Amino acid sequence: MALYNVALFSYYQLGAFIFSDLGLDAEQFGYSGIALGLGSLIGSFLNKTLLAKQVPQRALLLLAALLLIMGTIGVSLTLDSIGFVAAMILVVIAYGMAIPNILSTALVEYKSQAGSAGALFGLLYYLLIGSGLALTGLVQRLGVVLLMCAGITLLATLARSSHIARLP
């Protein structure tokens, strides 16, 4: 979950500089947030629609990871043009699909210790996001950050799907 957030927040951390390099201003960068907001809405709607059609959660998470990979590749290939925002929308669609599914199962196994588990989950979650954004600040390359997030997300999703498939 933290990786999806780092992927999204790294855009906001580095995007203004990319816009500047493209000769665009801060106001235009601000408008890109509207496009990304629509992407999140599309991801949430897609998630809701697929859940209503009984698509298994692990399939939704795999689809989200694949959309994250596709968006990442698109961003990496188009960073020299404003077209990278269109590819970034795929990243945000993936975010809108994945986050509700991850949150809905994150603490299911810890019902009897929900308060403590929630506190530890929140602590770890924010530490991971903070660390990811600190690394983003060091790397200063959106494409590289997205590739790291997408690659690790895909591996974690595949590992989790494999683990779930082996459960009795």
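Even glycines carry a Cβ here, placed using N, Cα and C.
Noted in TrEMBL for the protein shown:
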- 29-47: transmembrane segment (TRANSMEM)
- 59-77: transmembrane segment (TRANSMEM)
- 83-103: transmembrane segment (TRANSMEM)
- 115-135: transmembrane segment (TRANSMEM)
- 141-159: transmembrane segment (TRANSMEM)
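For the transmembrane segment (141-159), the partner stretch with the highest count of Cβ pairs under 8 angstroms, out of 29-47, 59-77, 83-103, 115-135, is 59-77. Between the transmembrane segment (29-47) and the stretches 59-77, 83-103, 115-135, Cβ pairs under 8 Å are most numerous for 83-103.
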